[in-house]
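Student: What TrEMBL shows for this protein is this:
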DOMAIN    A:46-353  domain 'AB hydrolase-1'
ACT_SITE  A:SER150  active site, nucleophile
BINDING   A:ARG220, A:ASP350  substrate binding site
ACT_SITE  A:ASP316  active site
ACT_SITE  A:HIS349  active site
2 protein chains.
Amino acid sequence: MATAPIAHESQVLELADPLPLDGGQSLSGVRIAYEAHGTLNPAKDNAILICHALTGDQHVISHHPKTGKPGWWVRMVGPGKPIDTDKFHVICANVIGSCMGSTGPASPAPDGKPWGMRFPVITIRDMVRGHVALLDALGIEQLHAVVGGSMGGMQALSLAANFPERARSVLVLASTARHSAQNIAFHEVGRQAIMADPEWREGDYYAHGKGPEKGLSVARMAAHITYLSEEGLTAKFGRRLQDREEKTFGFDADFQVESYLRYQGLSFTDRFDANSYLYITRAMDYFDLAEEHGGMLARAFAKSKARFCLVSFDTDWLYPTAESRNVVHALNAAGLPVSFVELSAPFGHDSFLLDVPALDRVVEGFLNQ
Amino acid sequence: MATAPIAHESQVLELADPLPLDGGQSLSGVRIAYEAHGTLNPAKDNAILICHALTGDQHVISHHPKTGKPGWWVRMVGPGKPIDTDKFHVICANVIGSCMGSTGPASPAPDGKPWGMRFPVITIRDMVRGHVALLDALGIEQLHAVVGGSMGGMQALSLAANFPERARSVLVLASTARHSAQNIAFHEVGRQAIMADPEWREGDYYAHGKGPEKGLSVARMAAHITYLSEEGLTAKFGRRLQDREEKTFGFDADFQVESYLRYQGLSFTDRFDANSYLYITRAMDYFDLAEEHGGMLARAFAKSKARFCLVSFDTDWLYPTAESRNVVHALNAAGLPVSFVELSAPFGHDSFLLDVPALDRVVEGFLNQ
């Protein structure tokens, strides 16, 4: 189904006050790029904040300015869709540390040159502080809901824990309350791939051509495998050859899956900043909501009065169902209302972005209760 | 338990005849480096061929000449061990394409310069052709058994299928009859990491310093994650920090798992040739025993009279139990005697190399029936 392009310009808010960071520094002149869709009602109580994933951005339903592709969640958000912009005022903000308009390592530091690796290491909670500052500026005291998948779900959980008054409902998809050793390991491979590229130049590549494209491409390829399920890869590609009848006995991309991965890697470098990739993966690896709250996850939610919904996918091996169940147990222990469902979908971790009609029903049902 | 070093010199056989290859070429002057332990009986019917994995070598129980570490399977092979060198004559040969003495891309081509990427792309069956040529030279018509884990298991299956008279027993651990899309995808990440390193120089790095060490290190890191289980990584490392009390808010290896992976990557480059990594991963990706035999795996074993034993591990997500079961079904369809067990062990794919007493019993039992 063709959708008319939504050429929604991002808006950019510059924060008046410095943003305090978990690392102890504070960041002045922070800019937050965001998009809003649907009308904010006079009571300002129909807003939904959508939090994006690692390589996502604020273009939740508008076309991406660099790739020209439709927004990353057009199937879920829009008039009459599960997150209905006829009812709700939907806000999506680029996280700090990213590269689509919000302040990150590619942004100018006070000396006018790009921050590069001088940018402070940030956390998921720091990203959420940016979101909350945006809500303050918009005069939105309490969200109808905060919604996020993957790293977006971490932000939703962090907002619920650290700013318990700011959201009445919390919807967390395919996410986790802490990064596991395996999660960290895959991210470390990506970071090392970027840093191994001599074009990375210790992060100071902005004045020198295209930056560490090869390293970033390898990082994306490795990560991309973790977003898909083994079954999904087999169904989509199997051992089928790419535009050839026979193996070439060479190192071309003989197999479709090789060709696909190479494309995923290369195309990513056109739209994403390598240093942002370093900083955001670091923030995710540092994420451990229990650790932030004395080692007990239930304590993280001690001040919350929100209602929660968690969704996992049976083929997601990046953040498997056990991770969601862990959060549900903590919410139960905290006496909070929570619904939880593991959905069956063949797409692995990426299921939350793809065609899973059961997810649509869960999202719509939860937001309209 | 300390073991006295076994300073067994590798022997090297130069094949008299050119070795025909699946790619259509043939390779002259092929050298096969191997080690043998235990006495070959006068009937020459007590030999066991052990096939090594991707980054393994012939040093199955002797100390590695570069790292000084004990052989890779000392816990399984030796006097009184499950593969008992008091009873059996154990042979382990470095596969062609590798870099520990057998002919591979680092070896001199006819022009005296290293082959580099001029080396022909080889297959698992080509490796087995090398092994069979070695057995011919040693006067061993029929093995008591061929044994291998991971890529070694592919060689064992390939030998059973393509040289059905050469082994009475076939023992396959943590392996598969074909590489899946996900398997290929992970290997492709590794290859791209190597090829992205400018020090790779299109494979022509031998006269230029140390070669693509950074790329090879990243490739090894990515692969290493696939050898371990998520549970194993969590048990071994969890989110524990490395020699520090607090996160550094930097890009050092804060987490133990990062430090471990970096070490795995770096130390690998001291002992392994990057081009060999490209060629051997390619051979594994090309492996599809059914495809070689008209698309039906059972047909691959039509001429076999061997007895088989397959072992999988419940935490191995690289070659999960379903892959072994697939082989077992084919062997059943071919009417061959086969025993099969899925063992429980926390170490993921690497379980076949590690302390799993149940595996010892299976191996000893099968080889002494």
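Quick reminder: no glycine exception, Cβ is built from N, Cα and C everywhere.
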Student: About how far apart, in whole Å, are the alpha carbons (Cα) of the residue listed as 'active site, nucleophile' and A:ASP350 (substrate binding site)?
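Tutor: Computed Cα spacing between the residue listed as 'active site, nucleophile' and A:ASP350 (substrate binding site) is 9 Å.
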Student: Roughly how many angstrom lie between the C-alpha atoms of A:ASP350 (substrate binding site) and A:ASP316 (active site)?
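Tutor: Here the two Cα atoms lie 8 Å apart.
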Student: Does DSSP put the residue listed as 'active site, nucleophile' in a helix, in a strand, or in coil?
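Tutor: Assignment for the residue listed as 'active site, nucleophile' reads coil.
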Student: Could you tell me the C-alpha distance between A:ARG220 (substrate binding site) and A:ASP316 (active site) in angstrom, no decimals?
Tutor: 18
Student: Which residues in the same chain, at least 6 apart in sequence, have a Cβ under 8 Å from the Cβ of A:ASP316 (active site)?
Tutor: A:ALA174, A:SER229, A:GLY348, A:HIS349, A:SER351
Student: State the count of C-beta atoms found within 10 angstroms of the C-beta of A:HIS349 (active site), not counting that atom itself.
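Tutor: Here the count is 25.
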